[in-house]
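Feature annotations, courtesy of TrEMBL:
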DOMAIN    99-234  domain 'Nrap protein'
DOMAIN    241-385  domain 'Nrap protein'
DOMAIN    390-543  domain 'Nrap protein'
DOMAIN    572-744  domain 'Nrap protein'
DOMAIN    747-901  domain 'Nrap protein'
DOMAIN    913-1050  domain 'Nrap protein'
């Protein structure tokens, strides 16, 4: 309870500060500026001559495309000009600062039947054209542009920028929206009426369809002033309600999938809140509530209320209530119904079924955040960007520019052609993906940014259509076979074949069933592309789209994980089978003093998180049966660590050194037994034994029994500190491996996301500063604590969230707690917080020397000692965060805006080498695994201070000459765990630890970055002056000598920085 109260206090404090940030100061200066701008607009309009004849020539393109006739009228000045919207209720939220100005068009400009065939919309547009021409001639305004009302092309609005700019209001503009009084006959705009005749419709033939959306489009303008006044009456003088509206706007703006034309906008939010404050809405909001309570009540109503199913209706003023038949009609025509007090206009007529479901899901997730996240979910609710690339597992952009079939039936009938196309695409994908997609969202923000209304709608297809898909769990979304209707169901079979075409095939299943089916055959490691293949097939077949017009974001980063044309993860089945055989043989050994009681694989390859799990090596077998080796046979092989535990015994020595020697003796005996019983090749060293079998090298290590008795204790405890450091290390690795294995079983996409994250860390030369286990825990956090999202189900989405977590998390003042198995109790959490606060005691004295800078706590490591105790330090973490932020922004931009270009995606893994003081380039043909090199590095600046030839003592592949020797000789030349890059880095750290910091890629990079370890001080003592520092060029030459035979060139880029 105490913790909850503190959390609420913290939330209230943060909300108060957030409101101060976004609230506008309605000062005298600001209100005078707005009033003067509005007055200037009124004065300009007043200068328009009375009885000016307005014809279609003012906007020929618009009139043509909308298909209206009889549009000429005589201009009359507006009968009413009034500020409305957020400014009128003092609820504008920065940074979007603009004022709505309602201009009432006089009745005299219209004919009584102008509600037919878009005549009203045409005259509305021409009325604005006349005003625009007058405003453009005035020096009071810097710029006058066109936009649309809620992305509805047939309802343009004017955006007016005043000539004078106010510093407090950057980008300020006035939005002019025309309105009319309800002078059209309301019954003619009934939802069941048709008021738009299709261009090819012949009178007397076919029953015309109702045009509810078109009718609502006119009704919206007729009741806009009344509804705005209703909201104003509710909000004026109610500060908490206004604050809650600001919070809801911030919340919605962070979620681009709902703050869009077919879902939510600021005015609709304020109307829903006004409804909830009225008797019609059950007075759910009252004046005793605080802003945060109102915020919660509104979200709870959106997410859970069953009233949405019945339709919401404001209590009509001086009118009879809506009948059941009318309400039923509304519910049949619209997925969401919220009628104003006129009982004629549906405020939510633009809201689609998918948009509303998305809104309810987001509201429910937000309530979950507020209940489960720290500080009442403040960060997750208000500060986290829930944009399309981070939210959806699969994103698709359709380029529909110039595709006439979009508007073949006309631009605007009941609905606009762009909205109809959205629905068509949604319907096709919903049927094609079936239960593979939990949520499918199709939005086309069709209004072009540089739209000239007079030209019509020809540019409205320049913006891409965006599709977002939330995938179902892997067992559904990665399914290879879809079963269709049974063969005897002829009608359904015909529909199935019509939809799937050549992809449909009749199959007999094991249970004897004969049914239609579709099969999406692919390799196991390609199954994440099944959704992509289905969507491409469906959109190509039914919309005749070419691949050039579809950009599907699914496999753009797969190149970074491939070796050749295959993903090495495809060999994991062989590896696990080999491990099972080894484990079985180890347990079967009966000629050693203590039998093997348990075997556990520790290497990341066993938990599917290794970027490059080893592939079977032809020389690492019990018996080499073929002398003919593949052309590129590696001379190096990665060892895979396997931990074994022996039966208990009281005869173990007590001294640590003696224990390790006893372990070595046991390992030698185990190696001898394996060799004699199964003819397995075993290579012994002082500390471990490597077993070669089935193409792999397994490195055996023993956990001493004293570690077993402490398996329930954690790192940092007194007992744990008495265990030898080797046992301690093994114990931590075993705990970590078990937890990650369990997580991988729950989330199959976890492994690929970790592999991408590790590849990114390595490619930007951070391998020395972020342990692979730390990366696994960071990614695990995304799956365990995904709010405000749900757990990712695709590689790209998970990778983007990893980059954002690394760049945005408050590492200085917050520990990251990864509780994989829900093991942590309140006592454990308190201990973690105490450990964290202890680690931050030095922050006030020296903010640059905080250890650990990245505090990662787990059930087995509550003090963050296992993976991040020493690195990254504060400066290394800041650099990583900057790189992650840059990569995240770049990736987001690629998904939302960029053209498809493989080179652009490669940039995510290309690191700028000019950010280092010196660069070492290595001989690519001497890297242990040259095939893992992503991009060859080159330096085009700086000064080359050293260069060398490649060594002849090491080659990464078996040379043709060596293949003539015996198989035993070739096998003896196999090097287990030899990595010249690692050895070279260790040598540099040993010899130049005080002068240089080494940045490298452990996964196959050919460049090493060097930065000076500390800045020189200009204020040096006499002794320091006498003892001059080594010249940096000479130092870099020495570096080249250390790496002789391996170093290709050393470049000196930047001198050391001095500090005063």
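Glycine residues also receive a Cβ, built from the backbone N, Cα and C atoms like all the rest.
On a predicted model such as this, the values are computed, not experimentally measured, just so you know.
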Ranked first among 99-234, 241-385, 390-543, 747-901 for CB pairs under 8 angstroms with the domain 'Nrap protein' (913-1050): 747-901
Range from 99-234, 572-744, 747-901 with the greatest count of C-beta pairs under 8 A to the domain 'Nrap protein' (390-543): 99-234
Model confidence over the domain 'Nrap protein' (747-901) (mean pLDDT, whole number): 92
Number of helical, extended and coil residues in the domain 'Nrap protein' (99-234), per DSSP: 48 helix, 33 strand, 55 coil
Residue distribution over DSSP helix, strand and coil in the domain 'Nrap protein' (913-1050): 49 helix, 29 strand, 60 coil
